[in-house]
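Okay, structure first, notes after.
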Amino acid sequence: MSEAGNRLRKQLESPVFDPQSYVKQLSQQSDGDRDLQEHRQKIQTLADETAQNLKKNVYKNYRQFIETAKEISYLESEMYQLSHILTEQKSIMESITQSLLSADKDETSKEMQAAFPKETEELKQRTLTSLLEKVEGAKNIMDTPGRHLVYNGDLVEYDVDNMSPIQKVHAFLMNDCLLIATWLPNRRGAVKYNYNALYDLESFAVVNVKDNPPMKDMFKILMFPDSRIFQAENSKVKKEWLEILDETKKNKASKDKKKEEEVPTSPARADPSTNPFDVDDDDEPADSEDSVDLGLEWIQELPEDLDVCIAQRDFEGAVDLLDKLSEYLREQPVTPRVKELRAKVEERVRQLTEVLVFELSPDRSLRGGPKATRRAVSQLIRLGQSTKACELFLKNRAVAVQTAIRQLRIEGATLLYIHKLCNIFFTSLLDTAKEFEMDFAGNTGCYSAFVVWSKSAMTMFVDAFSKQVFDSKESLSTAAECVKVAKEHCQQLTEIGLDLTFTLQSLLVKDIRAALQSYKDIIIEATKHRNSEEMWRRMNLMTPEALAKLKDEMRSCGVSFQQYTGDDCWVNLSYTVVAFTKQMMSFLEEGLKLYFPELHMVLLESLREIILVAVQHVDYSLRCEQDAEKKSFIMQNASFLHDTVLPVVERRFEESAGKPAKQLQDLRKSTRPVRINPDSTTSLV
């Protein structure tokens with residue numbers, strides 16, 4: 001740039017530059033129009049140089065822009081994962097807070113009941129008496145001793161058949177029954193309600209009614225064969241009714257059970273003269289108790305030894321002692337001393353079982369893999385609790401797999417994430433299966449539980465898989481590669497005799513079907529757009545390299561393309577037909593990667609619809625075109641589609657699927673091109 005140009009640049013870049021004063025000064029100094037034109041040319045040249053430098057800087061820093069965009073994408077995924085973890089932590093903290101508050105509330109109520117039991121009971125009875133004085137016909141309800149009020153409130157009763165309101169009622173929940181009273185239209189003194197019905201708590205069931213506006217805040221009481229529906233004032237009152245009804249029913253059931261246990265039902269002894277199976281105690285050997293020697297040192301110290309083993313976490317030693325005792329008492333008669341010893345031992349067995357169950361609980365550390373559970377599982381099986389051991393083992397492994405999937409970092413590249421996801425899940429599943437086979441080798445009845453667990457674990461895997469592959473709208477080629485990776489990992493399970501391929505396919509079929517149909521719609525729209533701009537001209541690739549690249553692409557698709565090219569860079573086909581062929585063959589290859597029998601008709605119909613769009617466009621062009629030369633070119637494109645492309649599609653589909661593509665065969669037969677006759681209309685038949 002000249003010295004004058006540099007001076008002009010500095011003047012324009014000056015922070016105190018004023019355009020108006022600059023133009024005024026320039027017009028005063030210039031001699032005429034020619035000077036202004038020259039100055040304008042200088043400014044234009046300066047603007048062009050600035051634009052060129054800006055463009056060079058953009059190209060120079062283009063890679064940095066891409067890297068920055070990738071870093072932003074990674075940061076976004078990490079922020080999403082961090083947000084997910086924080087949300088989980090918040091829910092955990094809220095649940096802990098709620099549990100602590102409820103525990104404090106229960107403890108306070110227990111202390112109050114322990115401090116003032118009689119006053120609380122008497123207060124409840126007095127409250128019930130004062131309330132029942134307002135109910136006409138309910139004088140005899142307080143005749144039952146110990147009956148007191150638990151909860152009461154206004155409700156609206158609805159007709160069960162047409163859900164129309166019937167009447168307003170007041171419900172009294174007592175510790176052993178439920179009283180329904182209707183409102184009196186004409187009050188008489190203190191009496192407000194009229195006795196309607198009294199239900200024992202054991203005679204009905206309470207069912208929550210799902211809200212369906214305007215019918216909401218309702219619950220149903222089922223008394224076989226009748227039922228009644230009531231509506232609470234709001235959702236909070238409804239929740240209180242449901243919770244208190246359920247708690248009161250449980251309390252009554254537990255009290256009744258305690259009463260039955262406290263009152264032993266000893267049947268009257270039958271007359272010895274009439275009962276041939278009765279044996280007098282006098283007939284038993286006098287020395288039956290002496291025949292069992294329980295004075296051995298190891299038997300005397302057995303309960304304490306079991307306590308020591310449990311405290312020291314010597315589970316194997318505890319179970320060995322129990323087996324030794326069981327073997328010793330197997331051939332011995334049952335005496336009161338033996339029963340007393342068994343009662344002491346059973347209490348230790350219960351404690352040992354609780355400790356082993358805690359060892360297998362998901363709250364414990366999940367590190368160490370399936371082998372870390374072997375010790376507790378084997379001892380539970382030795383205690384005769386193989387079903388519980390199986391359930392806890394599978395629950396522990398389910399939480400471990402779920403935690404591993406949740407902790408997996410969401411990568412920017414979907415295929416990389418799927419590789420990691422499949423590696424974690426199927427490796428964990430394989431290790432779990434091997435450990436299960438080792439631990440439960442003698443309990444074949446537990447294998448069905450493992451199969452059910454495997455299917456539920458596969459459902460959890462597919463949820464994470466679909467969320468990353470299909471919900472994020474990845475391309476069909478990426479989805480096909482991801483499904484292929486999942487299938488390959490699933491095949492590894494066959495080495496232990498577990499084939500979950502069908503389960504994986506059945507869980508993925510819905511998402512794959514939607515992906516195929518979505519990509520089919522995209523191809524059809526793109527084809528229609530190209531068809532609308534079709535000029536039916538030969539394709540010119542300009543360079544030999546571009547022609548060689550197109551030949552390689554067609555050869556990789558299995559399409560014979562040599563006869564439509566010459567020595568130059570021209571192709572005797574239209575751009576639209578070539579682009580359609582490449583796109584359809586790509587769709588076919590990706591669809592075959594996703595293929596399994598349940599998708600046979602979906603893929604066939606998608607191919608048929610795509611091909612039909614191109615065929616209908618060619619047929620329409622043949623009918624409308626009047627130029628004989630263009631008609632000949634259109635017929636050449638039609639022959640390429642019919643004689644070259646469609647047979648390749650049929651053959652490729654049948655080779656991969658192993659079934660005939662009848663719909664494609666019928667379509668090819670119905671679109672046979674007619675030879676050109678200048679005196680007649682040309683079309684596809």
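Yeah, the Cβs are placed from backbone N, Cα and C, and that goes for glycine too.
Proximity of distant same-chain residues to the compositional bias 'Basic and acidic residues' (252-262), defined by a Cβ-Cβ separation under 8 Å and at least 6 residues beyond the stretch ends, is recorded for 175-176, 201-202. Among the features that TrEMBL reports, compositional bias 'Basic and acidic residues' is placed at 252-262.
Taken from TrEMBL, the feature compositional bias 'Acidic residues' covers 278-291.
Here TrEMBL flags 148-250 as domain 'PH'.
Sequence-distant contacts of the region 'Disordered' (1-38) (same chain, at least 6 residues past either end, Cβ-Cβ under 8 Å): 45-46, 49. Here TrEMBL flags 1-38 (among others) as region 'Disordered'.
Here TrEMBL flags 252-291 (among others) as region 'Disordered'.
Marked as region 'Disordered' by TrEMBL: 660-685 (among others).
Note on the compositional bias 'Basic and acidic residues' (252-262): DSSP counts are 11 helix, 0 strand, 0 coil.
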